[in-house]
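Participant: Okay, here's the structure, questions in a sec.
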Amino acid sequence: MNFLRGVMGGQSAGPQHTEAETIQKLCDRVASSTLLDDRRNAVRALKSLSKKYRLEVGIQAMEHLIHVLQTDRSDSEIIAYALDTLYNIISNDEEEELEENSTRQSEDLGSQFTEIFIKQPENVTLLLSLLEEFDFHVRWPGVRLLTSLLKQLGPPVQQIILVSPMGVSRLMDLLADSREIIRNDGVLLLQALTRSNGAIQKIVAFENAFERLLDIITEEGNSDGGIVVEDCLILLQNLLKTNNSNQNFFKEGSYIQRMKPWFEVGEENSGWSAQKVTNLHLMLQLVRVLVSPTNPPGATSSCQKAMFQCGLLQQLCTILMATGIPADILTETINTVSEVIRGCQVNQDYFASVNAPSNPPRPAIVVLLMSMVNERQPFVLRCAVLYCFQCFLYKNEKGQGEIVATLLPSTIDATGNSVSAGQLLCGGLFSTDSLSNWCAAVALAHALQGNATQKEQLLRVQLATSIGNPPVSLLQQCTNILSQGSKIQTRVGLLMLLCTWLSNCPIAVTHFLHNSANVPFLTGQIAENLGEEEQLVQGLCALLLGISIYFNDNSLENYTKEKLKQLIEKRIGKENFIEKLGFISKHELYSRASQKPQPNFPSPEYMIFDHEFTKLVKELEGVITKAIYKSSEEDKKEEEVKKTLEQHDNIVTHYKNMIREQDLQLEELKQQVSTLKCQNEQLQTAVTQQASQIQQHKDQYNLLKVQLGKDNHHQGSHGDGAQVNGIQPEEISRLREEIEELKSQQALLQGQLAEKDSLIENLKSSQASGMSEQASATCPPRDPEQVAELKQELTALKSQLCSQSLEITRLQTENCELLQRAETLAKSVPVEGESEHVSAAKTTDVEGRLSALLQETKELKNEIKALSEERTAIQKQLDSSNSTIAILQTEKDKLDLEVTDSKKEQDDLLVLLADQDQKILSLKSKLKDLGHPVEEEDESGDQEDDDDEIDDGDKDQDI
């Protein structure tokens, strides 16, 4: 407290002493009065004094005010006065002091009083509990006080809230408050709470903050809303920026789709309010947070795809091509579109198809390039267009080819009715504006980045300099302008273009060296002792000459690697050359450009280096330095080693391709096996259905048998009078004929059964022979399992067939028994001595029963015939199943042979790869002995790839 009293020590003592006594008396009343009204009035008086006499009230009353919060929670009025007083003490928002240093002193007071307040973490917990009160006069001052604490000392207050039970959840309830002022101040509170604290950001996000904030933005009118929309957008940025977990949660929650209505602008775009411009600017920044190049590539790619699928990219392109858009919004929209399409092939293809609403329509890329090479356009807009063009070409070989194609003679519009991207780049490259030269050179370099094919294609470009003079190549024209001594920005841009063009392209190096004036110009530039401004150009010239040495294929006799190194040693000196080469990476603007891809410069004179070029310098600086110090013998040995390694790589690639082909063949064979299994299952299903049908016929036959037995019983009991009228012998003879027919059918069925038995014996013998052959053959581990499955299926089919045969035999036996009973009935002798009347009655009854018996016998014959036909159909299906099994056995034998051959080929490949690895190790050891560095990571990566392929081969053999 003594320290706090010393802050205001320079003030006069008279009136302040009186006020200090008043404050002391009020504090005594708050502490000692037993009446609630007295305490309330005292706290209200302290509140009125707290703004003007902040220091005195803070020193004397803070403890008493905290005690009031603890003991008088039942009275909302005194709680509200106490919270307002504490807010006035801690907050720096409202000041009435007029001294010069009042602002600095008030900030110190606020942080010091905040430190005193949070020294006891229970005070913050008490404040959080007060926020649960629904009373407006308690909740709103509590929100303001907690916000002020977070602004003064954010990290310690955040930590206290984080460890407090349900602390963050209580604050999230503020967003659902129906009173707008509390809800809006709750948004400000969450802004301060989530600033630079990833743990709290995650908790807030999982407390459904995204849903609530987006609802508020929609209710307020999206971009047409007021400052509440701005506050919500700032809070969303706090939650998403550099927080990969929340970004993934935002994408998977389908919240990206809800951003599309933000960018729906009408046809009338004039007269935008300042708040709308601010809101839309923050919305665009929020989109960029989700697709920032600094995010993990996988997360960025998924967000880019989601933005295309929901139409957000299309909406941004509409703003891009609209008229009447404010300049800063247009610039930020270009930057946003740039990062949405960067490295995403689908988005890049869509952007290439966008046309500007002009007559005739022009591609959006052409319209943007026209702005980039126009020196009257704002500098930030030109930088944004360059960034957009770079992002369009990033990892986009198709787009690179389309841009380079517009420079080739076959694609140039002879009528001159339309302007192509290539023509605009050439126009900017040879313009009198140095910034246009730099932008066009960097843009063209990005069209060649990592694309050897387009580097060779660009060598075909011919330029007509003037009427009557022959055309010159683009490469030659660049070197001509370089030698004319133009502005530094122009020369730096051309040198970056040439370095990108010649790197990893020996053909371009040959074309460059073919002009005899280029090498003397470079050596002359490097050898001179110039000022600091020219040192950067000297470093770039040294880099270009080093690239011409490192990527030289020695096709030009006068400019081989050895002769160029001798020239450097003679005219420049190796140490001097390496020193000049090091000027590039030591430059201040080089380190600034290497930090992020976006070309963001405060003014045009800082626009020197490109981000992708800094990566190229980092890659080539070391290898060029080593190449300069190498002798000719080392170069020859290195070339031999490179050739050997290339041959080895070709061999390994060839065998890898062979192994891949064999893997594909094995996969096809596996698919065939699975198809045959499916067919076998279908056959089993058919057999099951047939078995069920046989069971049905068997049941019907049993029913007929029972009925026939009853009829025979009645016929035996009444057969005594059959002979009286002479009818019984005729009927018996007819029955015997029917029985003979049944016997013939039985014989036919027995013959078919014998054929089936012989077929089963043949199948058993073939199965035994197949098992012996399979036992002697060497098959992959999985083939015996497949064969065993097929055998089990065959055994099941045979068992079903045997059961069906037994059932047919049983039916035949029962049929024979019925025939024997019929014959017994036919042989029975009638009894004499009955009267004619009784005989006539019995004869009539027997005739009726006999006719019924004949009818039943006829139906039985029909059923037996149907069973015979059904059995024949089953026999045919079984024959087809046997043929299918034979085909499967044949296919399996073929698979055995093919897998055996594949195993032998893979064994040969493994032996060959082992020999090649041994050769590589010996070559590496020789290289190390010669002092040549060996890239361990690449080689280990290749070895891992080889090991992976060998492991895959072993797995296939296991299959």
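Numbering starts at 1 and runs along the chain as it is shown here.
Cβ atoms here come from the backbone N, Cα and C positions, even for glycine.
Sharing the feature lines straight out of Swiss-Prot:
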- Ser50: phosphoserine (MOD_RES)
- Lys202: N6-acetyllysine (MOD_RES)
- Ser940: phosphoserine (MOD_RES)
- 20-60: repeat 'ARM 1' (REPEAT)
- 61-121: repeat 'ARM 2' (REPEAT)
- 363-408: repeat 'ARM 8' (REPEAT)
- 518-571: repeat 'ARM 11' (REPEAT)
Participant: Neighbour count, 10 Å Cβ-Cβ cut-off, for Ser50 (phosphoserine): what number do you get?
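Facilitator: For Ser50 (phosphoserine), the 10 Å Cβ neighbour count is 23.
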Participant: Cα distance, Lys202 (N6-acetyllysine) to Ser50 (phosphoserine), nearest Å?
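Facilitator: About 38 Å separate the Cα atoms of these two residues.
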Participant: Within 10 angstroms of the C-beta of the residue listed as 'N6-acetyllysine', what count of other C-beta atoms is obtained when all protein chains are considered?
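Facilitator: Step by step: centre on the Cβ of the residue listed as 'N6-acetyllysine', count other Cβ atoms within 10 Å, giving 17.
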Participant: Average pLDDT across the repeat 'ARM 1' (20-60)?
Facilitator: 92
